[in-house]
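Can you read through this structure? Questions will come right after.
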Amino acid sequence: MASTAAAASSQGCISWALRQRGLGGGGARAVPVLPRRRFCVSAAAGAGFDNENREYVIVGGGNAAGYAARTFVEHGMADGRLCIVSKEAYPPYERPALTKGYLFPPDKKPARLPGFHTCVGSGGQRQTAEWYKENGIEVLYEDPVVAFDGKTHTLKTSSGKILKYGSLIISTGCEASRLPAKIGGNLPGVHYIRDVADADSLVSSLGKAKKIVVIGGGYIGMEVAAAACGWNLDTTIIFPEDHIMPRLFTPSLAKKYEELYQQNGVKFIKGALIDKLEAGSDGRVSSAVLEDGSVVEADTVIVGIGARPVIGPFEAVGVNTKVGGIEVDSLFRTSIPGIFAIGDVAAFPLKMYDRMTRVEHVDHARKSAHHCVEALLTSHTKPYDYLPYFYSRVFEYEGSSRKIWWQFYGDNVGETIEVGSFEPKIATFWIDSDSRLKGVFLESGSSEEFSLLPQLAKSQPVVDKAKLKSATSVEDALEIARSSLHSGSSV
C-alpha cells in the first residue's frame, strides 16, 4: 500500500479535521474528543483511487448502510465526504423483500428494484443510485473490502483500490449458513438467499420447479415456503426441531401456523436431519436423503439454516466470542477509536435485559445506523436502548385465501398465556414469576393494536394473570394488558 506521505505531497490537496471519539462504557456521559487528524485528498482523486482519502467510509451496502447514509445527509455531512464500499451490485435495499414479495410468481405482482430501495421500508425516500449521486455520496459497487489496516486507517478492495478513512462504520451484515459441499450443498438447484442475485436465481428455479424441499423451519424456511405456495408447487419443509419457529413460537402457537401451511398444501418432516443431497443424471439436485435413510424427491432445494456475521478482515477490531459479531458499546464504538459497527454484524449491549446480543433484523439495522451516525456527528451520548422486535408477512400474493401478518415485541421468557382462535387473530403473552409482562405476540392486529405491543413490552407492567387467562377474545386480552400500563407498576 502506498504511504500516507505520498498523498500528503500531492498538489491541490483539500484538508479537513476529523473528529475521533473516545471509548468507554455505554452510559450517558461526556465523551472525550481525541486529537484531530488532518487528512489530505490526493490531487488524482478524480482520476483514480491511489491513496484516495475519505472522511467517512461505510463498509457494506445493506439495509444499515442505506439508513446510515440518510442520517449523514440529514446532518449535511455526506456531500463529498462519505463513501460506501459494497459487494452488492445495487444501492442499499430493504432486504426482507427478498423472501417475501420478490418470490411471488410473475402474475402476482412480485416486488422488484427500484421499488424497495432503502428507506421505503420505514416510509422514507427511495434512495436509488441517483439519490446517492445527488447527495455527493460515492458508492463502490461489487468491490468488497478484502484488507484492513487499523494503524494506517487503510482499506483495500477486491479490485485493488486503496481507501484511507477518518471514521469507519462496519456494516457487513451476515451471510447465509451453508450445507457442506461434500453432502451436496453446492449442487445446481440448491439455493441460499441473501441478496438480489440469490433471489433472481431462486425465482428462475421456481418457474421450472415441480417439487421443492425447504431445509429449515425458521424465518427463511417459512417465508420461502409460503411464497412457493403461490407457484402451486409440491413443497416439503424439513427441520430437526419439534415445531416451526422454535426460537420464538410456543408449541401451541406453532401448531396453528403449521395447520395453515398444511391447508395450503405444504408438508412437514419434523425432527429430521439431512444426510446428503443427491444429484440426478443431469447433475442437478434430485433428492434430499435424511439420516434415517428416507428420501424426499426435489428438483429445487432452498436452505434456510441460519446466518453468520461477516467479519471479513475486521477480526482485529474485536469479536464477541459468545454471540458472534464485532463487539461495540452502546454508541456502536468498537475497541478502536474511530471505528464503529452497526446492524447484523454488531454485538451490542441490550440495555433492557442487561446482556450482550446480536440482532439479525431490519428494525435493528435501521435504528442502529441512525443511532451510530448521530453519535459520530453530534455530542449525542444517549445509550442505545433497543426493544427486540420481530415480524413476518406471508401469503400476501394475489389470490391467497388467508394473509398472515404477525408482530412480536420483548423477550419470550416466562409463563405463556394464549388468547384467541386464530380466526384470524391470536395473541400470546409471556409473563415472568413477578407477573410482569415480558413479551407479547399478535397475529392480524389492527394498526392501533399493533402500536400497543411495544408499549407493553417496554413498560413490562404487572398484569393480572387470572384476568388475562379468562379473556374471551384477543381484544379483551389486549384491553386488560393496556389497563395494566396505568396501574403504576411498570418498569
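Cβ coordinates are placed from backbone N, Cα and C, and glycine is handled just like the others.
According to Swiss-Prot:
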type    : residues                                                                                               : note
TRANSIT : 1-42                                                                                                   : transit peptide
BINDING : Gly61, Gly62, Asn63, Ala64, Glu88, Arg95, Lys100, Arg194, Asp195, Asp344, Val362, Tyr391               : FAD binding site
BINDING : Gly217, Gly218, Tyr219, Ile220, Gly221, Met222, Glu223, Glu241, Arg247, Gly306, Glu360, His361, Tyr391 : NAD(+) binding site
BINDING : Tyr219, Ile220, Gly221, Met222, Glu223, Arg247, Gly306, Glu360, His361, Tyr391                         : NADP(+) binding site
BINDING : Arg366, Arg393                                                                                         : L-ascorbate binding site
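Any idea what these are sitting next to in the structure?
Non-local contacts of Asn63 (FAD binding site) by the CB criterion (under 8 A, 6+ apart in sequence, same chain) comprise Pro92, Tyr93, Glu94, Arg95, Thr118, Gly121, Gly173, Gly343, Val362, Ala365, Arg366, Ala369. A helical conformation is recorded for Asn63 (FAD binding site) in the three-state DSSP classification.
The DSSP secondary structure for Gly217 (NAD(+) binding site) is coil. Applying an 8 A CB threshold to same-chain residues 6+ apart, the list for Gly217 (NAD(+) binding site) reads Ile237, Phe239, Glu241, His243, Ile244, Met245, Pro246, Phe268, Lys270.
The number of other Cβ atoms within 10 Å of the Cβ belonging to Arg247 (NAD(+) binding site), over all protein chains shown, comes to 9. Secondary structure at Arg247 (NAD(+) binding site), taken from DSSP and collapsed to helix, strand or coil, is coil.
In three-state terms derived from DSSP, Arg366 (L-ascorbate binding site) belongs to a helical segment.
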Taking just the CA atoms, what is the gap between Arg393 (L-ascorbate binding site) and Glu223 (NAD(+) binding site) in Å?
8
Between the Cα atoms of Glu360 (NAD(+) binding site) and Gly306 (NADP(+) binding site), what distance do you get, rounded to the nearest Å?
10
Of all the binding-site residues here, Tyr219, Tyr391, which one's CB has the most other CB atoms within 10 A?
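Highest number of other Cβ atoms within 10 Å: Tyr219.
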Might you list, by sequence position, any residue in that chain lying six or more from Glu88 (FAD binding site) with a Cβ less than 8 Å away from its Cβ?
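Listed in sequence order, they are Gly61, Gly62, Tyr141, Glu142, Asp195, Val196.
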For His361 (NADP(+) binding site), which residues of its chain lie six or more apart in sequence with Cβ-Cβ distance below 8 Å?
Asp344, Tyr389, Phe390
